[in-house]
Amino acid sequence: MSELKQSTLVSPNAEANMGQSSTYADRDAERAYRRKVDLWVLPMLCLMYFFDCMDRSNLANAKTDGLDEDLHFQGNDYSLLILLFYIPFGLFDLPWNLLIKRYSGRTMLSSMSVVWGILALCQCAAKNFGSLLAIRIILGIFEAGFFAGATFYLTLFYTRGEMGFRLAIVQSFAVLASAFSGLISFGVFQINSPSVKGWQYLFIIEGGMTLLIGVLGFLILPDNPQTAWFLNSREKSAATSRLLRDSSSEVETEFNLKACFQSWGDWQFPIWCIITFTYPVAYATAMNFFPLIVQRLGYSVVKTNLWTVAPNLVGAVVLLCVAKSSDYFRERTFHIVFSLALSLVGMVILAAIDVLQHKGVAYFACFLMASGAYIPSCLVHAWHNNNNVHENSRAANTGFFVGLGNLAGVVSAATFRTEYAPKYLPTLIATCCCNTVCIIFVTGLGLWMRLENRRRDRKQGQRLREDGNHPCEYPGCDKSFTRAEHLRRHALNHEQPRKGFTSRHMLRHEKRDEEAGGPGLGVLNTRKRTRRARDGTIIVRPSQREMRSGARSTTSSSTGQDLVVEEEEDPMDEAPISPPISGTDPRSLSIVEADPFLAPMMPGGPFEPYVEPIPGQFDAADGSFNVGLGGMGDFFSMDTATDFNLPFAATCNYNWLFDVASLDDAFHQFDFPLGFDTEPFPGALNTEYNQAVDKYDGPSALLEVASMMNKEETSQSTLSSIMPDILETDWMSGASFLGPGPTPHLPRLSENCRRGILSLVMQVSPIGIDGRPRTLDSPLLTLGALQGYCDLFFTRFNVTYPLVHQPTFNPDTIDPIFLAAVLFMGATYSTREAHQLAVGIHDKLRSQLLCHEEFSPQPEFWVLQTMLLIDCFGKMRAGPKQRERAQLFHCVLIKLIRRSNCCSIQDSPHLARSEDLDQAWRQAMDAEQRKRLAMLCFMWDTQHAVLFSQSLCMSAFEIRSCLPCSAAAWEASSAREWAHFAARETNSPFLTVLKGYITPGSVSRPRDLNVFARTVILHGLMSVSADLKRRDQTTLRSETPERVGAWTPRMSRSYVLWKVDFDADCLAMKLGQTADPRRFTGLKMAAHALYHASCLALNVEILDLQIVAGAMQILGRTVTPADQSRSQQNISRWLHEDSGPSTTVARHASHLLQDAVLSLHDWDQADAFHFPWCLYLATLACWVFHRGMDPASSEPRMSTDLSSLIVMMTNCPSTTELAALSGKYDPKPLVAAMAQQLATVRWAVVHDAMKVLVGLS
């Protein structure tokens, strides 16, 4: 039912509308969170409340052992003890609860337990009535706020539908305290000691236990979910989101005294006061005087204490059952009235009969009284807390209402006088009257809620539900929403300002207004909806619907029946507003109102000295972003600010990528299944041949089987009917993912090529290892040597990084500088002398290129290829000097790529059907090379950002083209062969496929991607992770510190999903490959190493690992003592505060090392430049995991060999067992072996890493 109004006290629909919203949530994390809170918080509160009630009610048990005689009680002294205890017990609930809100439940509840434990111990030393009375009054002060505080404290952890049963569990321990108080008293009173009375032993034992539990509370209880030591970041995020969804608009707000009492003027407040004052009278009667009531039956002291156990145990069971029913049926009124009526019947029976003549009936009445008296305590407080959305008001009201209920104990104590014994008729009559009054008011309030909600339902609720709308009920507001969560967000605008979502929203508006030049200017002008024609007239931008209808009419004239397929199957129709430009579909350039709030990825945070400066992020001259969009770029152009800054990820890009309206909503929705949802992309050729291939080829069959196994809704009968058809297919006949088996003919160098190279070398004058200049007649510059370098480039470098199209590469027609870059990149795979020659030529090759006549702001494509090879050489194949220079010119390369069309290549499938196949082939491969150049530059830039903690200079959103073509089409040696494979190609936009991994289910993922395409997608995930990490380090994130790192679990899940698809492809490749097994192993291992290293970097700071391992310099930057101290603290916190990230890192590191060892001689590990660095990071992670933060510690560690250590780490079935290995084994053999392996790598960065490992071993 719809809410009646936004009352500051209560939403009166609580009776019938306790359900939570159906918004998507991380259910697994919420279940884990709830389980952990139930395991740690709830039991501790129950134990504390158990001893609280034990200390409160043990006075009645002590009286049965002669307390009144030993302390010389007279007349109504016992009733006076009870009465005066309840006065401070009722008055101090509200102050204690406000202190709990001001400080924390952990501090205040634990402090109260410790103090009342001490006071309970002091009771045994009382010598007379006066001393015991003083102790009991002080005890009442400190016991006052516990139940109210625990109730409010639990609202910080549990939702409305969970509170009733949890409070019942807490309350049941109070009942058990009454039951076991008699049982414990029975045992204690058997002690025969001349010096210490039995009741004194009772106070000593119960007070000592209370003191111990209070101390444990300090150690176990958290302040709130966000500081809980037993929760991980994913569960903390789930804790906040579930409370926000549960209609509570305030979570973790600051203490505000004025806000605490804002609901006291509401007309319902006195109703709640009457209810909370009257129901506890029966509770206090049962709690404090139950032993005396049972004693009326004529039993001895021992039997009296024993006979009180059974009714209390039954009362506890009934309490839990009724509370569970109340939560289950989302109903409070009937359950409260039922419990009040139950205790009322019991008390009427006790008042009406002669208990000595009808002991059985009287004892049964005791069961009824106990069964009903304890239930309202939890349900009433759950009811009013469920319907109060303000934390401050909730804290004050809970304290006041519980205190008011405690004062009701005064009524019980005042009427339980000695002269009324043994029937205590006035006491029972007064309690019955209170129950009757409470029943009347509870019934009236509940009926009013139901009737008013029904009236509103008849007026508008049913009609609105049928239409699927959710109107705002605020007076004067006529807005309505299609989704309930949107209405809840909107409702925040009508509430008082506070430090929450609304205040952050307003701060963002103020920031935009300030940047725009004044109030109101930053709200609507970020998106222009009009543009001016050349004559100055304003052209109104057409609506989205008009654009689509126009696109249909234009398309229908040329495509005919394809229009139906496009309308029905095009996934971009479902794309959210303002998605990034990707692929060939211009409609992805939505122009609706989303404002791209740019968060520049500037260096910041503690590691700024180790971060390379970002090259000209906001250069207005960069980029031809609408190239290749069929002339529609101007029509779909966005505002000036967006157009000029488009290379970098805007918020709207991430909203599209994560398929959310706001990026803050994205990171609790990551628990997607790992089942395969890969399907063919729309637009694939619909021929019988391709349908057969899609259904029955090797990888498709594997994916189909895996998909069926992962989909729970697929019945066993359906699976069995489909399986035979798939199992009968020939998996070995699948298309090769590695291209044709025979290697095409390698390019041949001529003497003219050699003369061009020698002319260039003569200008460069490289220096050899011996320090002398190389002469032109050197054996390293013969035609055979140069041919060897060329062969190594195409068989080693170009296989791992397919940049140059080998079949169309003609050494005789290309520029000597480009040829030199190719040859001397290949020389790095040859001898050390050849590598040294290549380094010497590299030092001057860049200057030769920059002075070339064809080097310009928009150079020829070969210039870009040469620059990329030079950049790669300097960073990953040479020394520190070359690396520093390459980093400086890296920005120039990226600027030139942005000025070209390399990032937005649009594939043209019609080329394969062209009449001039040779020209079409060359044209297609030229476009493919351009696309791959941008992607390789993006990949290397991303690797340095993720694996070296450098600044991210390129964004994944810059890659607006489709994924690389298949290996078969790329390696085709002739136009006819290419046409055969190209006709079967399907275009998969890079960003769309990337979204398929980050937001599964939003778009389909292609099935048969080649290894290079899969690797590009992995780098896309890495780029998004690096960008989100950088955004966490900006000052803008200070507005929402709780969301720092919230994206990590979701991106980790995306990595796992990528790994699942990649492994399925690897299995298919292994079954159906015809290529060289070494090549397959190399590509697989390179991708796996990158995957594990990326997951490692996701869970630990790479720079911290290097610094704590003893690195004195990192990429030329000196490590300072301050850096070392900070990194020591970070790694120590990472190791000890939460074992989740550390065990995740250890698992990935051990798997990476295991794969490296197992494939040690199966491929050339130097072919993948990142592989040795990944080994280094994995070794550091294992070293930190096993050595901890004190490598010089004398604590003995078990010594084991490298193989055993890795096997132990990779075969732990759970993270708990893996965490148990931390610090037990000596990792020196592992470190020494890896240092020896890295010593053979010709890369200065890896050489420095090897020195660090040598120092550790």
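The backbone N, Cα and C atoms fix where each Cβ goes, and this holds for glycine too.
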Match it up for me: which of 395-416, 813-834, 1055-1076 does TrEMBL list as transmembrane segment? 395-416
Of the ranges 201-221, 1230-1250, the one TrEMBL annotates as transmembrane segment is 201-221
Look over the recorded stretches 78-96, 132-156, 168-189, 201-221 and say which has the most C-beta pairs under 8 A to the transmembrane segment (37-58). 168-189
Which of 78-96, 168-189, 201-221, 335-356, 428-449 contacts the transmembrane segment (306-323) most, counting Cβ pairs under 8 Å: 168-189
Cβ under 8 Å to the transmembrane segment (168-189), counting only same-chain residues 6 or more beyond its ends: which ones? 42, 45-47, 49-54, 57-58, 61-62, 64-65, 147, 150, 154, 198-199, 201-202, 205-206, 286-287, 290-291, 301-302, 304-313, 315-316, 319-320, 322-324, 370, 374-375, 377-379
If I take every residue in the domain 'Major facilitator superfamily (MFS) profile' (41-450) and average their pLDDT values, what number comes out? 78
Name the range, of those listed as 132-156, 201-221, 362-383, that has the largest tally of Cβ pairs under 8 Å with the transmembrane segment (335-356). 362-383
Same-chain residues near the transmembrane segment (132-156), Cβ under 8 Å, at least 6 residues beyond its ends: 41-42, 45, 48-49, 52, 55-56, 59, 71, 80-81, 84-97, 99-101, 105, 108-109, 112-113, 115-116, 119-120, 122-123, 126, 163, 166-167, 170, 224-225, 243, 248, 252, 377, 381-382, 385, 391, 394-395, 398-399, 401-403, 406
